[in-house]
């Protein structure tokens, strides 16, 4: 391994006060070091090695509430569409009108447009906020996207048609705006969590943030269930046909969908303050803003649960002027971006993260936003009154969330830092391929119970599989200057797949359906759709081999920097355990904190202790790194 870079220009010392046994002042630990590159590496190493604490819980909670809101708003539309139909599309169709009657059923093209509108807005938000977070900073953007979600959610809940604007246009407009905010939440939450997380727990923290999607789905079903029961008196005196919804029923339905939709913004209001006051990530301040003093102050602020780090402005400016180009982290530019991603080793990672997310969302959202197909098969899609139909739909969604989605998310949280991201993703895609093949090719031989079992298993391995890891890996594998952009590109690719699935699935499902059909009889093409999803999962399996294993490695190492791995909070040496062996396709080292084999970057073995080495808390100086031909020679004391 090459020696570390030459020491940069010295910078002035600035000591700060504060810190105690609970909140250590890391800033003063390195204020005496003149080399800014070494100070940067030492400060980042503290983040990578710090024990799990309440500041990590706070970061996960603040980021996770955003994903709770995102998921709630995305999946609540499944439960709201029936209410919208019986409120705004009652009576016979009106010729030449884009709104009006459809016998209480939301027209299929409007149903598809409402669901695809959110994903369309999300593509814009993921690309736009992903790029802005790398240009102007994570902190300045974090909270803005959540404010957009809150505003758009309340606007949807309060929307009403007029002579100039119909209800369809209003809902689609506000769902696009909400989608922009939801899209921005993906790269920002992923990157901020990864840049603040210690190496040992980074995967679990990011997976815990993402697992709030399952909680959001569960909450949407619970709120719909409670709302339906609350308006039971208005819904129960009807038949199973939505066209029989009388005036009191329509009034209750109008109130119900607004309550369900508006509730999604309530938790986000509590998280908004914390997002707007979170400190900038030190990695961004070091590598993009190139502000050594401010970065170290931000580390102190994060550890002390403060909103923002403060450093003397004069010292900061003098330090930035004296540094020049001495920091080893390259500056972001279009030429640098082209040069970085034009290398196959870097481009294949971007292609792997975008393609795997694309193939995943084709199936995940093709099923998730059309779960009525599953509810019809298992008997939870209908009832003998409107009340029982709405109640069964909410109960069915509750069962699917509890049985498959939530356990899958939390299995990922508990295992992702042990099994690794890549094995979970590859094996998850492979199992999903098999499950969809069974459902598709043996559909007519499956009972409703068997179908439900296979579907729940599919939901389990979506979330204990690629649905979680496709979110994690892009937030870790790119350098700081392009990390948010790379995650935004990957996530946008997935949402493009979701749009295709939402547009493609309904026409295919209803292909060849007989007139006047009900329930599962209206979905004759369901087996073929499952076969198509199996093909997508197979493609996802293959492209997943292009992504790197990020488990137990620091973000700087994943970005290609040469670091003292053992002293920097990660372990990448070969393990005797086959699961972690570098010769396997899932290479990537063991989780940080495990004992490891000998590395040339470590100090020599401690005298008198056979087979043991010193583990020190500072970087190895270039003078202490053993060089070829120096074996047996004594090192000069420093």
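Placement of Cβ uses the backbone N, Cα and C atoms for every residue, glycine included.
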TrEMBL annotation (transmembrane segment) - matching range among 502-524, 525-547, 548-570, 571-593: 525-547
Transmembrane segment according to TrEMBL, located in which of 363-383, 426-446, 594-614: 426-446
Recorded stretch that, among 146-165, 171-197, 426-446, 525-547, has the most CB pairs under 8 Å to the transmembrane segment (256-274): 146-165
Same-chain residues near the transmembrane segment (426-446), Cβ under 8 Å, at least 6 residues beyond its ends: 356, 359-360, 363, 454-455, 457-458, 461-462, 464-466, 469, 526-531, 533-534, 537-538, 540-541, 544-545, 585-586
Residues of the parent chain within Cβ reach of the transmembrane segment (525-547), under 8 Å, 6 or more residues beyond its termini: 348-349, 351-353, 355-356, 359-360, 362-363, 366-367, 373, 377, 421-422, 425-426, 429-430, 432-434, 436-437, 439-441, 443-444, 466, 473, 477, 505, 508-512, 585
